[in-house]
Every structure is written in C-alpha cells, then in structure tokens.
Amino acid sequence: MSSYGSVLFLFSLLVWGTIAQEAPASAAQRCFCQVTGYLDDCTCDVETIDRFNNHGLFPKLQQLVASDYFRYYKVNLKKSCPFWEDNSHCGVRDCAVNPCSSDEVPGFKPPGFKYTEEANHVHEDVDDCEKEKRLSAVDESLSVETQEAMLKWNRHDDSSDNFCEVDDEESPDAEYVDLLKNPERFTGYKGADTWRIWNSIYEENCFKPKAVQRPLNPLTSSRGENEGNMFYNWLDGLCVEKRAFYRLISGLHASINIHLCATYLLKDTWMDKIWGHNVAEFQKRFDATLTHGEGPKRLRNLYFIYLIELRAISKVLPFFERSNFLLYTGNETKDKETKKILLDVLQDARDFPLHFDENSLFSGDKKEAAKLKEDFRQHFRNISKIMDCVGCFKCRLWGKLQTQGLGTALKILFSEKQIENLSESNQPSAFHLTRQEIVALFNAFGRISTSVQELENFRKLLEKV
C-alpha cells in the first residue's frame, strides 16, 4: 500500500472511531454500563452471579419462601419512631387507609377478636370498606388452622445476640403477617418522608463525616460534579469494613427500588389494578445520565449484598442439616418437604465457586478489629430502628424484614466458630437462630435474588427503548 493510501486508511479509522465514540449510548447501556466484570473487594464477577441465580437458585428460593413456615412473619408495625417525633403516615390515597366504622373492622374489636372464626369471615360485611384500603395496608387475616398452628411454633425458638433491633414477639402489638398477601411493591410512598429515612441511614450510620456530601442527596445543598468525586475519594480511602457497610446499605436500597419498579401500579381503577414493569421509573433511578453516574454504581452494590447474604446462607448449612432441627408448622409431611427444599438451596449456595471472603473483614489488630466490629453492629442496629420511622406500613413491614434478614446474615458470618461446634444433641449451643431470624434471612435473600433476576427483565425491556 502506498504512503498516501496508508495515511488515508488511518484517517478513515480515526474518523469512524470518533463517530463510534460520539454515538449516544442506548438506554440499556446507560443503566448497565458498569454492571459487568469483577466486583470491588471480591473475586467474583457479575456474569457468574447472573447465571447462578437466574438459572438455578432463584426458582428454588421462590418455592421455599412460599411454604407455610416461611410465609408468616411476626412483626410490630405500631412502634413509634425512636429518633424524631413524627406521627404522620403516608397521606397518598394508595398509601393511606380511610378508616371504617368500629363495628365493621376487626382491628377495632378487642385484641383477641381478630383471631376468632368470626373475625376471619367478615369479608361480606366490609366489601365497601375494603375498596377504600390503600396499597400500603397490611393484610393481617389468617386462617383458623394457621392461628392454631402459630401458638405452637414459638416453643422451638430461643434468643441470641444479633446485629439488628428485634421486635418483642410477646408484645400485644406484634402480629403474624402473611407475606404472600402483602407483596413488596409500589405504594405511592415517596417525597420528603422517604428522603428523611434514607438520609438518616446514609448520613448518620455509614461512618461518614458531615463534611463529605453523598451524591444526589436531596436534603443537602449540591456541590455539582465535584460532590461525587469527593464522596468516592473518601469511600475508596476507607478500610474494607467501612466500605463494605456502605455498599451493603446501597445494595439494599437498590434492591428495594428495583422491586418498586418491577411491580409498579400501571393502572388503577375501582374495578381493577394492573401491576407491571415501569421502565421509565427504573431509568429515573438507575440511568447513568439521569443520576449523574450514580445509578450503575448502585446496581453493582446490589451484587455485593447478594454475595454477602449468599455466603452467610452457605455457612449456616450445618445448623439446618442436623437431624433434630425441625421447620415446625404442625404438618409433618409438609415440614419434611420444606426442609428438603431448604437443604437443596443451602447446598447450592455452598457449591457456589466464588464466595466472598469474610475473613478479609475485621482481620487487623485484635483490639481495633473488635471495636470496629462493635461499631459495625451498633450502626446496623440503628438502621433497623429507623425502620420504625417509615410512614407506609407495607414499606415498614418489608424494611423491617429485610434489615433483620441482613442482620441475621452478618450474625452468621461472624459466628463461624460457634457454627463449627454445633452438635446433634439437644444441649444448648453458643449459636442459635430463632424462627423469626430464619424467616427474615431467607425472605430477605429471596428479595435480593428477585432483584438480580429482575435486572435481566429490565435489560431486555430497555433494549427495546
């Protein structure tokens, strides 16, 4: 080729390269541009997690959490906020209840009435009232058989130290909730109240000094593009434990947002409600252009919390595979079937090839590591308390469950020696999980697993935009 031809060829490559670089990214690329490759502080990549979860673990988890043992969660949704005085609840129609008269609603009867046969067969009398219920209302009705079984379940529980604030199950305000009747989805709960909740979580409990502003924080004045640079320079300079704490909270936040976008109220009439994927809402929360580059980082943190909870589940297998451990609901046949599914899930988790190495946490000077671990635990306990400040009852339900689930995962990760010393005998051991912790752990991981699976759905939908 002549020198002139060579110059022309190189010039053509340069022009086409420039055009390619300037071509606008697609909607899918803007959301998922960083959702690939290896994760920070881990030896695992996004693609391995996608294959493992979406084509293997996800359907088994869904079957598990739909079983009787895992679908009922006892929770107190009436506790007051311990950090600020705020008696307000979600005021949007779909997030608030228009009260019925006292003779129509079981909730206004004496405390024991709601568990009677009469209380659970009032649907014909309150049809008009039911139409006024908001999306965030928690359906607390239980069948007669379930009510009777609940009385027996608690005998199999103990208590233990943990990473989150636990509701007093003996409180008259603590009630069993059927999670299948109360799915986590869009409720219309948004605005200043939600910002205040998440601001308290990030600003006061993520080891962050006041001088460093979190990007896109609506409750603080913006410092422009440099705001993000300052924050991530600070984050990169933290020890791995503090960095992990922030990424866990960010991953949980991302997961919750994905659920709301995936089961969004697309149509609402008095006759019908249609739920489905809201692509525009997903873009608003995760598109790199619309979030100044923050959205894809949040999605990467979703995979980080997935690895943490997956590692915890893999490590707790010895606790559940003991022959004397029962998933007790009173139905022996179903209980055995549920335990079989559970052990299958746990074995799959153990077989995952690229687990997070929890030994990288709290591994320095013993005295400093012990203090850092306690700070870690206290910060997380504060976050679990903040969930009592959420004004939407359905959001509060799932917030409390998911923080307890993550707290239980952390408890497992830092109880390795106690788990190794478990025995088949009925003697008390240093490690134990209550029924509430077990239900929260697997439902919380089920939510994270669902989020990872939903990303595949959103990726396909965005490719059509």
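Glycine residues also receive a Cβ, built from the backbone N, Cα and C atoms like all the rest.
Sequence annotations record features per position, and here Swiss-Prot assigns FAD binding site to ARG185, THR187, TRP198, SER250, HIS253, ARG285, ARG298. The secondary structure of ARG185 (FAD binding site), as reduced to three states from DSSP, is coil rather than helix or strand.
Look at CYS31 (disulfide bond): DSSP puts it in a helix. The disulfide bond annotation in Swiss-Prot covers CYS31-CYS44 (among others) and rests on similarity to another entry.
Residues or ranges marked as disulfide bond in Swiss-Prot (evidence: similarity to another entry): CYS33-CYS42 (among others).
Look at CYS81 (disulfide bond): DSSP puts it in coil. Residues annotated as disulfide bond in Swiss-Prot: CYS81-CYS389 (among others).
Residues or ranges marked as disulfide bond by Swiss-Prot on the basis of similarity to another entry: CYS90-CYS129 (among others).
Summarising the annotation, Swiss-Prot assigns disulfide bond to CYS90-CYS95 (among others) and lists similarity to another entry as the type of evidence.
Positions annotated as disulfide bond by Swiss-Prot: CYS95-CYS100 (among others).
Summarising the environment of CYS239 (disulfide bond), the number of other Cβ atoms within 10 Å of its Cβ, over all protein chains shown, is 15. The disulfide bond annotation in Swiss-Prot covers CYS206-CYS239 (among others), and the record cites similarity to another entry as its basis.
Counting every protein chain shown, 22 other Cβ atoms lie within 10 Å of the Cβ of CYS395 (disulfide bond). Residues or ranges marked as disulfide bond by Swiss-Prot on the basis of similarity to another entry: CYS392-CYS395 (among others).
What Swiss-Prot lists as N-linked glycosylation site is ASN331 (among others), and the listing cites sequence analysis. DSSP assigns ASN331 (N-linked glycosylation site) to coil in the three-state reduction, placing it in neither a helix nor a strand.
What Swiss-Prot lists as N-linked glycosylation site is ASN382 (among others). Around the Cβ of ASN382 (N-linked glycosylation site), the number of neighbouring Cβ atoms within 10 Å comes to 17.
Around the Cβ of ASN421 (N-linked glycosylation site), a 10 Å sphere holds 11 further Cβ atoms from the protein chains shown. Sequence annotations record features per position, and here Swiss-Prot assigns N-linked glycosylation site to ASN421 (among others) based on sequence analysis.
Per Swiss-Prot, signal peptide is recorded for 1-20.
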Greatest C-beta neighbour count within 10 angstroms, which of the disulfide-bonded residues CYS42, CYS44, CYS392: CYS392
Neighbouring binding-site residues, C-alpha within 10 angstroms of CYS392 (disulfide bond) - of ARG185, THR187, TRP198, HIS253, ARG285: THR187
Three-state secondary structure, CYS42 (disulfide bond) (per DSSP): coil
Rounded Cα-Cα span from CYS33 (disulfide bond) to HIS253 (FAD binding site), Å: 19
C-beta crowding around HIS253 (FAD binding site), within 10 angstroms: 18
Long-range Cβ environment of ARG285 (FAD binding site), under 8 Å and at least 6 residues apart: ASN257, CYS261, THR291, GLY295, ARG298
